[in-house]
């Protein structure tokens, strides 16, 4: 029998990113949270509007992060793969920066290090993005090479930031259970955010990268829920404490007791759900009524 030759017709495959079941679940969760938060803002616009809007924007960014990074690259949306990968990279970067700003605002944090201030994080990361990702990718057309150039700085920065953030917020751990829980949740959220450039460097399965990064949002959500429940339980309720001075109001008396216990103004503002500037004004009135020139003199006079 003579050998026979068979011709196999070539098959052309078009790449399209499938939606993983984890991604579908996350997108559904973010959508429900966004609708719920938007409804709260519409129905109760006068109550903590800025806090609600900050959280709403955070949820929207994570929804976009999950949706875009799972649908792209796909030529059905945009013909340019270069633009699609650039959007993916930029979105992941700015989601992390906004989440860090959100935590800074939540804890009233001002970083001692210039590099870790949100303004400089934004500027340095933007410069790094254009110089080390956009330009190498544009000239070499190699996504892998562009990521190798770009990711070194974010990886080093994220690891240093985790250490810096820990030393910045660790003072809250020694306070009440509520602050301890929120502090651990915030630190865990930062750790999961810092994993984004590391996992990308090692080419981990993309839905896993997005899911692991999204855990930070849910940790922040638990932190906000805990804060909301605490606020709900303690709203309009001042703890009965021993009057320190006949001229002190109930609010001033409670703040005075916390000052004597050497709690700083940030902790007092969080505990009483008022602005830090409001605590400072109350403290100024307290020192004036007690004939004390400063905090240390007041503590020495009333602490027993």
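Each residue, glycine too, has its Cβ placed from N, Cα and C.
Computed from a predicted structure; not experimentally measured.
If you look up TrEMBL, you'll see 20-43 (among others) marked as transmembrane segment. For the transmembrane segment (20-43), same-chain residues at least 6 beyond its ends with a Cβ under 8 Å from one of its own Cβ atoms are 49, 52-53, 55-56, 59-60, 62-63, 66-67, 70, 207-208, 210-211, 214, 217, 221.
Beyond the ends of the transmembrane segment (55-72), by six or more residues, the same chain brings 17, 19-20, 23, 26-27, 30-31, 33-34, 37-38, 41, 78, 84-85, 87-88, 91-92, 94-95, 98-99, 102, 206-207, 210, 213-214, 217, 220-221, 224 to within a C-beta distance below 8 angstroms of the stretch. TrEMBL lists 55-72 (among others) with the feature transmembrane segment.
Residues 54-55, 57-58, 61-62, 64-65, 68-69, 72, 110-111, 118, 121-122, 125, 129, 133-134, 137-138, 141, 143, 147, 150, 154, 161, 165, 186, 189-190, 193, 196, 200, 213, 216-217, 220 of the same chain, all 6+ positions outside the transmembrane segment (78-104), place their C-beta atoms under 8 angstroms from a C-beta of that stretch. Sequence annotations record features per position, and here TrEMBL assigns transmembrane segment to 78-104 (among others).
As annotated by TrEMBL, transmembrane segment applies to 120-139 (among others).
Remote same-chain partners of the transmembrane segment (145-169), defined as residues 6 or more beyond its termini with a Cβ less than 8 Å from a stretch Cβ, comprise 89, 93, 100, 103, 107, 109, 111-113, 115-116, 124-125, 128-129, 132-134, 136-137, 183, 186-187, 190-191, 193-194, 196-198, 200-201. Summarising the annotation, TrEMBL assigns transmembrane segment to 145-169 (among others).
Among the features that TrEMBL reports, transmembrane segment is placed at 181-202 (among others). The list of residues near the transmembrane segment (181-202) in space but at least 6 beyond its ends in sequence, with Cβ under 8 angstroms from a Cβ of it, reads 92, 96, 99-100, 103, 106-107, 147-148, 151, 154-155, 158-159, 161-162, 165-166, 169-170, 172-173, 208-209, 212-213, 215-217, 219-220, 222-223, 226-227.
As annotated by TrEMBL, transmembrane segment applies to 208-230 (among others). Counting same-chain residues at least six beyond the ends of the transmembrane segment (208-230), those with a Cβ under 8 angstroms from any Cβ of the stretch are 22-23, 26, 30, 33, 55, 58-59, 62, 65-66, 69-70, 92, 95-96, 99, 102-103, 106, 178, 181-182, 185-186, 188-190, 192-193, 195-196, 199-200.
Positions annotated as domain 'HTH luxR-type' by TrEMBL: 245-302.
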Can you check how the pLDDT averages out over the domain 'HTH luxR-type' (245-302)?
78
If you run through the domain 'HTH luxR-type' (245-302) with DSSP, how many residues end up as helix, strand and coil?
41 helix, 0 strand, 17 coil
